[in-house]
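Encoded as structure tokens, the structure appears first; notes follow it.
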Amino acid sequence: MQYNLTRIDPDAPNEQYPIGKRETVSDPLEDQVHKNIYMGKLEDVLNGAVNWGRKNSLWPYNFGLSCCYVEMTTAFTAPHDIARFGAEVIRASPRQADFMVIAGTCFIKMAPIIQRLYEQMLEPKWVISMGSCANSGGMYDIYSVVQGVDKFLPVDVYVPGCPPRPEAFLQGLMLLQESIGKERRPLSWVVGDQGVYRAEMPSQKEQRREQRIQVTNLRSPDEV
């Protein structure tokens, strides 16, 4: 499995965000196992335990921009029960949150505010882009709307839709949990490699292409 390695680059230009450099590498734990099988397996178990705790206790930051935020908050109601994924503890401060959901239209005037809120979150932190407007600007191809929040934030999961249903948001949350379970992060600021390794996650569109091609009985709009 290929991983995307991100390291802090203090010499990067100020307009670059995040300040770091990225490259594609192999799984660092597999390399460690080849060097020393005992230490490699021990590090694998420790990473697995830490990632299990992180992905099953994701605290979201209570933040929204537009109509997609309404669908996001609907996922916290009893019929959907987001507590099944350990993400029901909504935080009012970014310093106490684990991930931020950019739900709605991001205007240029809001971009520096969102970036400041992201910087106030403690590591490790993740970002979910929810809705067409957050993903690519949506139907607002105008001067005042940012054409995708990944222009200034590192996005981990994209949830399509205008607006996405709460079930789509829950699926995006599960994809984020799957990604966190495969991450390789430093266990301490003084121990091990300080780079962040993220597994390459293929799009669901590509993964389900064969499944869509095999469908012959298409449902009518009234049945969807």
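Glycine is treated like the rest: Cβ placed from N, Cα and C.
Not measured: the values here are computed from a predicted model.
Per Swiss-Prot, the listed range annotated as region 'Disordered' is 201-224 (candidates: 9-32, 201-224).
The Cβ of C133 ([4Fe-4S] cluster binding site) lies under 8 Å from the Cβ of L65, S66, C68, G104, T105, C106, M139, Y140, V145, C162, each of which sits 6+ residues away along the same chain. In sequence order, G104, G131, P163 are the residues of the chain that are 6 or more apart from C67 ([4Fe-4S] cluster binding site) and have a CB within less than 8 Å of its CB. Neighbour counts were taken at the CB atom with a 10 A radius for the binding-site residues C68, C162; the maximum falls on C68. DSSP gives C162 ([4Fe-4S] cluster binding site) a coil state; it is part of no helix or strand.
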